[in-house]
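*Asks:* Positions annotated as domain 'Orn/DAP/Arg decarboxylase 2 N-terminal' by TrEMBL: 36-282. Per TrEMBL, the feature N6-(pyridoxal phosphate)lysine maps to Lys58. If you look up TrEMBL, you'll see Cys347 marked as active site, proton donor.
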Amino acid sequence: MTVPHTVPDHVVRRALELADGADDPISAFIYDLDALRERAAWLKLHLPPGVQLYYAIKANSEAPVLDALAPFVDGFEISSGGEIGRVLECGTRRGFIFSGPGKLDSELTRAMTHGVEMVHVEGLAEIGRLEALAARLGRRQDVLVRINPTLPPQLATKLSMAGAPTPFGVDEAELAEAVALVDASPHLTLRGFHVHAMSHQLDVARHMQLLDWYLGRWPAWRALAAKPDDVTCLNAGGGMGVDYLAGRQFDWPGLCRYLGERLAAMPDAPAIRFEPGRFVTAYCGYYVMQVLDLKHSHGRGFAVCRGGTHQFRLPVAQAHDHPVVHVPRGAGPRREAGRWTVVGQLCTPKDVLARDVDLPGLAVGDLLVLPLAGAYGYNISHADFLCHPRPLQVFLGARSHHTQVMEST
Ligand SMILES: *Cc1c(COP(=O)(O)O)cnc(C)c1O
């Protein structure tokens, strides 16, 4: 399926209203929460029976986003104490699971005090610490052991989260030791395994092969446990990709269909859980920049815009030219010559969002809207750089106690 880079009318209207109502030219994030709800329902609809969907909130943990998603997901995946706070503030309470390297004792304690469903232990030392903390709380804690598997070469290429040296999880060579340590911990119960091997996976066939490989290994992993009957959960992570450039979608229905058939044919199939982030929220967000100046330098046209990569770092993080949609608004002279490099307000040549974009008729005061800005957008940026004010964040379709516009200081 191809998604053209268009911006829905109601988002354009809101962007124009924001610009009309502001003293200065604007930069803002607009999130379409109704579209997010539709997407979450679509993701759920295709899941095979019994397969669960958790949302990895590090992709976007703004309160209205979590509130919109909560009714549709089985829970939230978190990776820090701060993210526990975000989940606790959510209007619809959902369970949460806790991954991530370098968990603090205080974070593990806070997670357990607030009923974390499962802790994904990332190493041998963490197992020992978790046992001691659970004992102190008089609690029995369910855990998944996160595995950094040794993948066959055709699957290992281009993976950044596993199958290569990483700080995440336990190598398969150490897995027996990790499982024995959990089994020997009276306050921990091993419920299964967690593998988050990739990010940016666009190729559904490769994702199928990876799931296949996990399921092939599952009986051997499970057999390591003292009580294999307790071991029923395989968290297959996230990592479904978003094609920012061509607009092709990762074939989620195809992946789900394949997985459903594979599980139905498998004796003692594990309960599978996914925890995507990017694939859930990327599509609902738009970053709006208003054109401040149009100029030429050594033969190249620059559209200097309000905001920049300190507010929307994703294009730099991905090293790509982000798609740009032009919304005319300015009253100044329209430039015929088409190609513009879209930059922000930072005093660094790295502040580039897209190079040589064909934008015929561009004028100062126009809006440029960058779609696919709902995941790893504002929250991975360095908004305090140069002491610029933070952008508006506008949530269209917010139904909760949260205000629709959040202006950070
Ligand atoms: C970041 C992360 C995810 C989500 O990854 P996406 O690429 O956004 O789907 C899921 N699980 C873990 C453990 C993560 O660190």
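Note: Cβ is positioned from N, Cα and C throughout, glycine not excepted.
Those TrEMBL annotations? Automatic predictions, nothing curated.
Are these features on the surface or tucked inside, and what touches them?
*Replies:* Around the Cβ of Lys58 (N6-(pyridoxal phosphate)lysine), 21 further Cβ atoms fall within 10 Å across all displayed protein chains. According to its DSSP assignment, Lys58 (N6-(pyridoxal phosphate)lysine) is helical.
Counting every protein chain shown, the Cβ of Cys347 (active site, proton donor) has 7 other Cβ atoms within 10 Å.
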*Asks:* Whole-number answer please: how many Å between the C-alpha atoms of Lys58 (N6-(pyridoxal phosphate)lysine) and Cys347 (active site, proton donor)?
*Replies:* 28
